[in-house]
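Taken from TrEMBL, the feature xanthine binding site covers Leu20, Thr27, Lys156. Under the heading 5-phospho-alpha-D-ribose 1-diphosphate binding site, TrEMBL lists Ala128, Asn129, Gly130, Gln131, Ala132. Residues annotated as domain 'Phosphoribosyltransferase' in TrEMBL: 35-157.
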Amino acid sequence: MKLLEDRILKDGNVLGEDILKVDSFLTHQVDFELMQAIGQVLSHVYREAGITKVVTIEASGIAPAVYTAQVLNVPMIFAKKHKNITMTEGILSADVYSFTKQVTSTVSIASHFLSADDKVLIVDDFLANGQAAKGLLEIIGQAGACVAGIGIVIEKSFQDGRQLLEEAGVSVTSLARIKEFKDGQIVFAEADA
Ligand code: 5GP
């Protein structure tokens, strides 16, 4: 997605060896026009897949997920990282190791929001080692629902996430794929859409 790649080059900052900071348009401040464009592209890829729910993980997956869900005209559900007292009924949960925070947390979705009739599109902001997406696959599997695919805003192709997910039999659509950070510069691989 050219618009996204251009924005990453303009506003993204490489931190250390393997982290991209994009807090001015995706992970902290959100550019809704760009998110709308992302929603259009991801929903177009999965328009014939019979998606009934879009699922993401809080917090930074919510913006791209909600705009994708809007175009597909289905609900968006985000997995919560902290249980709260309003989650009284059954919950589906999985442990997720966070690449950026380097801690494991339990993420949960109330079981009544997903059923065996659902066909889910997972959307997330980044794909690194695939742990967040793997946790969501586990939760969706607990509900007996099926996953039609995973839509990613920024994939770091030099990490193992895509391989892990494809080995699990899930198709991945990444709108920007970063091959490497060469001397602090971002080098793209060909994106999926
Ligand atoms: P994974 O679970 O695939 O290893 O990592 C994905 C999650 O880690 C994403 O949901 C994102 O929040 C965070 N993440 C991974 N790599 C980066 C990065 O380079 N920059 C930012 N801002 N977040 C990242």
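Cβ coordinates come from backbone N, Cα and C, glycine included.
Overlay of TrEMBL annotations on the structure.
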residue	record	Cβ within 10 Å
Leu20	xanthine binding site	19
Thr27	xanthine binding site	19
Ala128	5-phospho-alpha-D-ribose 1-diphosphate binding site	21
Asn129	5-phospho-alpha-D-ribose 1-diphosphate binding site	16
Gly130	5-phospho-alpha-D-ribose 1-diphosphate binding site	26
Gln131	5-phospho-alpha-D-ribose 1-diphosphate binding site	19
Ala132	5-phospho-alpha-D-ribose 1-diphosphate binding site	26
Lys156	xanthine binding site	24
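Take the mean position of the Cβ atoms of Leu20, Thr27, Lys156, the recorded xanthine site; other residues of that chain with a Cβ within 8 Å of it are Gly12, Ile19, Lys21, Val22, Asp125, Phe126, Ala128, Ile154, Ile178.
Listed binding-site residues near Lys156 (xanthine binding site): Ala128, Asn129 (candidates Ala128, Asn129, Ala132; Cα-Cα distance within 10 Å). When pLDDT is averaged over the domain 'Phosphoribosyltransferase' (35-157), the result is 95. Excluding Ala128, Asn129, Gly130, Gln131, Ala132 themselves, the residues of that chain whose CB lies within 8 A of the CB mean position for the 5-phospho-alpha-D-ribose 1-diphosphate site are, in sequence, Tyr97, Phe99, Leu127, Ala133, Lys134, Gln159, Asp160, Gly161, Leu164.
Leu20 (xanthine binding site) sits 16 Å from Gly130 (5-phospho-alpha-D-ribose 1-diphosphate binding site), counting Cα to Cα.
Thr27 (xanthine binding site) and Ala128 (5-phospho-alpha-D-ribose 1-diphosphate binding site) are 15 Å apart (CA-CA, integer value).
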